[in-house]
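Student: The feature domain 'Transient receptor ion channel' is assigned by TrEMBL to 176-238. If you look up TrEMBL, you'll see 901-920 marked as region 'Disordered'. Residues or ranges marked as repeat 'ANK' by TrEMBL: 141-173. TrEMBL lists 333-350, 362-383, 545-568, 631-653 with the feature transmembrane segment.
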Amino acid sequence: MFRPNNYCSSTNDVETELPPHREMGQLSFDEKKYLLAVERGDLASVRRILQRAAEAQFIDINCVDPLGRSALLIAIDNENFEMIELLLKFQVETKDALLHAISEEYVEAVELLLDYEDMIHKPGEPYSWEAISPDSGAFTSDITPLTLAAHRNNYEIIKILLDRGATLPTPHDARCGCAACVTSRHEDSLRHSRSRINSYRALASPSLISLSSKDPILTAFELSWELRRLSFLEHEFKCEYQELRRRCQDFATALLDHTRGSSELEVMLNHEAGCPSYEHGERMHLKRLKLAIRYRQKKFVAHPNVQQLLASIWYEGLPGFRRKNIVLQTLEIMRIGLLFPFLSILYILAPHSTAGRFMRKPFIKFICHSASYFTFLFLLILASQRIESTMAAWFGAEGFAKYLSDDTATKRGANPTFVEWLVLSWVMGLVWSEIKQLWDVGLQEYSSDMWNVIDFVTNALYVATISLRAVAYYLVQKEVEKNPNIALLPREQWDTWDPMLLSEGLFAAANIFSSLKLVYIFSVNPYLGPIQVSLSRMVMDILKFFFLYILVLFAFSCGLNQLLWYYADLEKKVCLESRPTTGNRIDQDACVVWRRFSNLFETMQTLFWAAFGLIDLENFELAGIKGFTRFWGLLMFGSYSVINVVVLLNLLIAMMNHSYQSISEKADTEWKFARSRLWISYFEEGGTAPPPFNIIPSPKSVVSLATWISEKVCTLSRSVRKRKLYTVKRKALQQNEREGRHQSIMRNLVRRYITDEQRKSENQGVTEDDVNEIKQDISAFRCELLEILRGSGVNTSVASGHQGPGGRKNRHKERRLMKGFNLGTFESDHMSEIQTNHTFLSHLSMESTLESQSVSGSLRSKNSTFGRLTSLVRPVKTTKNNWGALVEAAKKASSKNLLDRLETKSEISPSPTSSGKKKREEYAKARYVCVSLPGDPDKMRTDSTDYSSDNCKSSEDKIEIDVDNKMHQNYVIRSNEDGIPNLPGVQPIRSCPRGWF
């Protein structure tokens, strides 16, 4: 480390060195040779080292490189199967090698390691990958081989593991309160959540679903729904769960791409356990498709194959309808719509007749129901326009006109008109239809559709209107008994909360909801449907916005009401004093302004209408208000206007724009999903007759009711028992037949899907892994060839270069291995010392210009001593240096400017000499070389012994240098005539603080 000029070393100076990882201890040179040979694929060298290690135990065959890789992991990374076999033959520890092989998707190594694990494993003991320490393992403890293979989505490895009995249990629910989950959450909540994510990431693997599930589509649906639920429960990992959910949806949709005919598609979409088997030509119940809609599998439902099947079922009653032009289609729809009363009556009387079967077609049923609903809306318009009075005026019927006149005079509690009786019949039919739907699908599924909720609210409003009208009639009749004139009160004298007034308000609101239902009917149109979907998404944004808006409105309303309530009361007194009873002129402004801030509710209304510019500043000119109070109130009103109009309204616009943009990208999928939901609602049996004809009991309903009652009453009769037994046997046979057909089709779909995926992976271009595999093969072949040549007596010293093949990345791996590179923590306090000695580095770089001619190349900034030594401040690529430059600079520099020490660990490996002397098999390692300055240069130590700083004379007259490691070369340190060691390739290491190495 650099020392200031006046620094004196002391024995009390303690160096802080970070110890290496316990699994990554310092490697001996032979261990480095061993790992390097494995890296290069040199089988012969590795075999010799392993044989020698088995005899002499001179190395640890389970040692790891600075990156924590053992020899077995290096062989797996290089996909060297022969090397893996050799290492396992000498019983190296596998540890988590199986997991690494699965991670690299090296199928041959996985099979070999599994066989080896079966051979060495003892019952009752953990497997190798389970016994490894969590701190040193590359994978967490919850990662099993099957889990990791599912993460990689490798079909072959998953099949190998499943064939060997591997299982993947379903994780516990996120709200599970068992002892194991509670303990796991208490010990480490993050690990508990990550473990659940890893499990679901494995379960969402398409290959695992294909191999382990009898019904992959159903499994994908259920898993997708579960992941959607988890995304709402664990908001921190919402993106991860949503990504897994999309993977399940894509897998289920991909299986549809491999259906080759309508028969396969029909069996797949109509399958459900416990239901009768589907036969071609029968009415489709589409249980699996309904399940997809329930689980919101929009991509699956919007798939072209599914849509083509739905369209063929939808237009079944009108062949050739889609080939007609728009005019003919409109005329056909109008013809059927006008005939809906007659078709409904024919269906009620003869449901199995030609007209009855025609009425049961989905598209015909939809047209009749739509025509009925349009008729209902027309009746609502007639009721709101008081058509009876208009007709009486047109036709001049005196009796009818007198009845209407009396009815108008006694409107409070009046009897329903003819149109209102028709509206009542339609409302009863609509309510009965919703009750039947709720009974069939259940409350949860019924409430999941927003349009069902709107229908429920609409029907509730109509029922409330009818109830209030009945209450009003009852109250009026009761009051008329006491006072006959009470029923003739004009409307302006009625009570504010009169039931008649309340019923009119609810009826008006119900009319609005009924008219909006047209949006749902027109969603089948390819032009209006996407707009309706976008509108429904924007409604949700508006509701979210209004939550924030109401908070702001409430806050400012509280403030303004607290500030101005007193002056609003004064303004009210001014209004009361100006009444005609007092003889004063009526102050119209005072009678209006006082309501603005009289209470909290009125203040909130005032601020709400202010957003539309309907409130003037004159409303703040209250009686008796002071200047400061008026100014403060205007300031609050202005702040509200800025926040509401400028900020919140623009926020709403931005939110709606974002929603529209996100939906417009997938508008086709969203619309097809919404349209499919509407279509399927008309595929069901029952509910054929539209309102109000559905409230008329049909012979079919009477027969079904009688059959049900007879079965309940006659449960003990012999005929009933025989019929039930026969039904059970028939259903069992049908179920076996259905399951067999469905399993056959699903196997074919999975086989086609996997084949297609494998073909896609094989058709990929050349990747970096392919190139590295070729490099590794070349390296292994080179080593084998050199070994063969050596065995034949050929001199291979020229070919035995120090750099192995394999490209820049492999050379970097070798360099890190031979340099003993270990990760450490940089201590910031050393940075100040580096900056302090920056002046010394500049001086040293000036002195280094006297370098001798043995230096290769001219001195440039990046090759100068200054550039080399200042690499701590700005790291640069290390190049070969000359020893003479450093020593010349050290000789001419003052001893106070010398470095105290430049620490290094470098290696010199011997190679055979040209004179044919005996080859040195052990490599010398030069740790330190001490130079006495300005002492006698002949006393310079030139051996390869490991010297510490204590062997030098003092802390100011020594310098440590690094001898660059060169494989297969022997450097003998000698002194020249000037006492300077003649070391080609020797370079001083860049200055590093203590503890770096």
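Easy rule for this one: first residue shown is 1, then count along the chain.
Backbone N, Cα and C define each Cβ position, glycine as well.
These numbers come from a predicted model, not from an experiment.
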Student: Would you report the average pLDDT that the model assigns to the domain 'Transient receptor ion channel' (176-238)?
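Tutor: Summing pLDDT over the domain 'Transient receptor ion channel' (176-238) and dividing by its length gives 91.
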Student: Cβ under 8 Å to the repeat 'ANK' (141-173), counting only same-chain residues 6 or more beyond its ends: which ones?
Tutor: 98-99, 102-103, 105, 107, 110-111, 114, 129-130, 134, 180-181, 191, 194-196, 198-203, 205-208, 210-212, 754, 757-758
Student: Provide the three-state DSSP residue tally for the repeat 'ANK' (141-173): helix first, then strand, then coil.
Tutor: 17 helix, 0 strand, 16 coil
Student: Reported in the order helix, strand, coil, what are the DSSP residue counts of the domain 'Transient receptor ion channel' (176-238)?
Tutor: 53 helix, 0 strand, 10 coil
Student: Using a Cβ cut-off of under 8 Å, list the residues of the same chain at least 6 residues beyond the transmembrane segment (333-350) that approach it.
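Tutor: For the transmembrane segment (333-350), the nonlocal Cβ contacts are 356, 358-360, 364, 367-368, 370-372, 374, 688-690, 693, 696, 698-699.
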Student: Who are the chain neighbours of the transmembrane segment (362-383) in space, where the CB to CB distance is under 8 Å and they lie at least 6 residues beyond its ends?
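Tutor: Beyond its ends, the transmembrane segment (362-383) has Cβ neighbours at 313-318, 321, 333, 336-338, 340, 343-344, 417, 419-420, 422-423, 426, 430, 511, 514-515, 517-518, 521, 524, 679, 682-683, 688, 690-693.
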